[in-house]
Structures are given as structure tokens and as C-alpha cells.
Amino acid sequence: MKQAHLICLVVLSFPLSDTRLHWLRGEDDPYLNKYGHFSKRERLEMVEEAKKMFYFGYDNYMRHAFPKDELNPIHCNGRGPDRENPSNININDVLGDYSLTLVETLDTLAVMGNASEFQRAVELVINYVNFNTDNVVQVFEATIRVLGSLLSAHLIITDPLQPFGDTAPPHYDGELLSLAHDLAARLLPAFEDTATGIPYPRVNLSKGVSAQCVNETCTAGAGTLLLEFGVLSRLLKDPVYEFYASEAVKSLWKYRSNVTGLLGNVINIQTGEWVGKMSGLGAGMDSFYEYLMKAYILFGEEQYFRMFNESYETIRFHMRKGRRRCNSGDGIPPIYVNVNMMTGEMANTWIDSLQAAWPGVQVLSGDLEEAICTHALYYSIWRKYGALPERYNWQLRAPDVLFYPLRPELVESTYFLYRATRNPFYLHVGRDILNSLATHAKAECGYGTLHDVNTKELEDRMESFFLSETCKYLYLLFDEDNHVNKALSRYIFTTEGHLLPVDRRWRQKPWEEEPSESPKETEFATVVDARYNKSNCDCVTTESRYFLPVRSTYFAQLEKSVGLN
């Protein structure tokens, strides 16, 4: 992939027509007739529906659960760590008695233009959140959910342009940054006493790493700290946080296979031995690749770009199966499968829901054709079940793991593809997702995890990412006039959907040398790198803009491949 093809997302601006050239394509194709048109009235209706969905979850969390971490939407009460069962990592890795859902929701409130509630929420976080607790949390989850949100909200408040309205609470004095600093300092013991520089997976917020902590971690867990730790270091002018995050990535990279160039999904942090040799794009690995690309965009460091490009080449060579092109030729639909990192041989016949974020990374890389086809596969699975099963066996055409915890990944990719193509197909996808959630996931006072995508039985849990990501991406998909969409080249989303400005400040390391000229805080991507200003129209074909992104013949083939009639 050539460097000139970077950042297809930023920003394709061409006039749209609600008729979408019906007169050119004809009216005899049922797929084009279904997906080829989405009116302004429909779009505005969906803006309101996305907003209603968010506030139904948010208001009920504040009413029934705050200051607990999560809302139980069936019994209408709050949830915190499972103290009776410390081994319940499904709960305890995430929940830390720090009002998680409120913290995660801060920048969503700003994006939705609710500056007054944003101010109130910030005040509540300042008054209630305390990290000096006897809780063991996962370093990865605490970083992407809590640290990332605190940094995002702090940067929104201190933005002199205030594009989201008057977001600064009275007498704000950097308290969110102080909280972020405190949390990150409590995570640092995870990096100590490891022979590889790869951190322990868990840490006690008040006591450090337990002697019983395992010496194994996943690639994504150790390699998805760059954005949050890097921004924190540059804000504090303290290199230690970025140093640890960067060393972890470099160490993981060092241990990749010298035969295939692939990484595994679980590694021993003391020996560098791969305990899990499966290589894929889903759970355990997904955001590692995402952060290589995004760290390059944010910090401008070529090493991460080189790592991403090399990774992408090896991924395409070893994991991609199916016909060569998405929209031409013969053969089965393209799919990225899980393989053995040492040999490149196929490891199993399932894909997981986290992999649905991969098309968004492909959009950022400029590989739009591949992103379109990868996304279409996951959308076909969604249409079959009204949700994405946690694991889907593509050979059996059935789920291997049945639950769906309201994950945002498919919505995220849908949003990025719409911003890149402005094709109404993706508005239809977003409406389908929103309607499915409203129909199947809505509970007494929130939205619940689907325990079984076949039966639609609910679990009594609304994870914090539902409000911070799923609802945010749905809202932004339809809110054409939102500031984020008008200035998309000036922002990047963390893997947890938190906004960070693409700012010239991040291109300098204040602990290394004094910049010759102090950058203005208002200087964003347009002055960071000229290549981010240019629309890479070569990667968006006329057909992808105005017609069905996947040709009708191939779309029908995808439906058949997942068992849709």
C-alpha cells in the first residue's frame, strides 16, 4: 500500500442527490431500489431516533444506577465489581467503582450538543470518581474506557474554539486531566518487573500488581495503549507513559513470527513465548493494528506506519480468502480468516464480532474496496439475526457463541464507510441496526445484552460502550450537520470511540527539545500534514458513490453464503 493512499476518510466532499441517479441505473434491480435512496426527511427522523435511544439509556442510568459503574436495564439498578467472585473477570476487568458509564458518556453528550448536561456530568465525575480503590481492573479496559474518556472530555473543555458549545464548567481547573494522571500512575506498576516490557494484564488500583497475577496477556490488551498514554505524556510533558506504551508495542513486534510475519493472540510477558498462536483480526488482536495506523496519524511517527503497512501485507497474504476483487471476478466472497501465526494455515472456521471494526481501519488505510466487501459480510450476518453473534462459524453458517452485548463495531465501520462514500446504502444499514436494537434489546429501563441472537433472550447488563460508542456512531451517521462530520479531518476516534483532536501539539515531544515555534492550540490536521487535506478520490469509484457499494450479484451471493433467503 502506497503512502499516498492514506486517509481515504478525510474528507470526500461531493454534491449528493436524493435521487441517486435513478434515471441512469434503471429501476429493475431490487437491491438498488431498496438501498439506493434515503431522503433528508428519513435521515432527520433517524437523528431523532438515535438521540432518543441514547437518552433512554443515559437517563435511566443516571436515575437508577449512578454512581455505580453500569445499569442493569431489566431490574433497574446499578452494578459494580463482583466482590463475591474475584475470578469473574467478565465483570471485574471492566468495573472499578468509578462511575464507568458516566465517565464514558462525557464526549457523547458533547457530540450531541448537550453542553449543559456535559457540564453537569463533568462536575459529577470530579466530585464522585476516585481511583484509590481496592479493585483489580484490566489495564487495557481502564485505559481505553476511562483514561481515554477523561482525556477526550478535558480536551473538549479546553478547546478555545468551543465547537460543541460552552462545555467548560465554572472554575474548571484541569480536574479531569488530574484524574487521568492519577489513573495512569496507578496502571504503571503493570509495566514493572516484566522481562519483555509487555505489561501485566491486570493491576490493583491501590496496591499494584498481585503476586497471583498471570504472566499472559493478549496482543490487543498490551498493544492498544499508544493513543491515550501518548496524549497524556504530551499534555503532562512527561515521557514515561508514552515510553511504556511504545516499548510494549515494539516488544510485541519483535516477537512476531520470522516465517510469516504474523503475531499471535496471547503472549507470555516474561518469556515472549506465544501461548496463543492464533492470528486474526478479532478478539485479542483487533485494536493492535488499529492503533498502529492511528498512532501514526496522531503523532506522525513513521515507525508505526511501517509496522501497519507490513502487517497489512502479511494479513492479506495469509488471512484473506476468496476471490481477488470484491466487485469483479468469480469465486467465493472475500473473507479474512483466523490462521496459525507460525505457518499461515487456517486455524478454525469462525470469525467474531470485534472483527467488524476492521473495515473502518481499511477505510483509514485507503483500501476502500476491501472495506466495502468486509463490511457487507458482517451486515449480511446482522440481517440474518438482527444482531451480531459473538462468534459466527462461516462454514456451518451458524453462531458458535450466541450472545451480543450491544457492541459498536459494525456501526463504527458503517459510519466510516458512509463518510468516505456518502452512499445511502450505509444509512439503510444504520437504520436496520437501530431498529433491531430498539426491537430486540430494549428493556424496562435501558438496553440489554442479547443472551441468544436466535431467541433474543436478554441479559440484565448494559455495557458502557453502548452509550459511548454504539449510540454515538449511530447519531453521527445520520447527523450530517454535526461539527464532528464537518471537521472530521481534525479528529480521530480512539478504539473506544472517544474523540481526540488531530493537533500539531501531538507532533512534538516537549521533553526532547523546545519547539522553534509554539504551535497554536487551534491548529489541527489542516496544518499538521498536507496529505490529510487531500481527498483521495481515486479510492472511491463512481459506482461506489452512486450505486450499491457491492454489486447486486455479489450481494446476493453474500446473502446466500450466510443462509439468508
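Glycine is treated like the rest: Cβ placed from N, Cα and C.
The annotation active site, proton donor is assigned in TrEMBL to GLU141, GLU390. According to TrEMBL, the feature active site maps to ASP286, GLU409. The feature Ca(2+) binding site is assigned by TrEMBL to THR495. The signal peptide annotation in TrEMBL covers 1-19.
Here the features listed in TrEMBL are painted onto the structure.
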| residue | record | CB count, 10 Å |
| --- | --- | --- |
| GLU141 | active site, proton donor | 21 |
| ASP286 | active site | 25 |
| GLU390 | active site, proton donor | 21 |
| GLU409 | active site | 25 |
| THR495 | Ca(2+) binding site | 25 |
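Taking the Cα atom of each, GLU409 (active site) and GLU141 (active site, proton donor) are about 16 angstrom apart. Of the recorded residues, THR495 (Ca(2+) binding site) and GLU390 (active site, proton donor) place their C-alpha atoms 18 Å from one another. Distance noted between the C-alpha atoms of GLU141 (active site, proton donor) and ASP286 (active site) is 14 Å.
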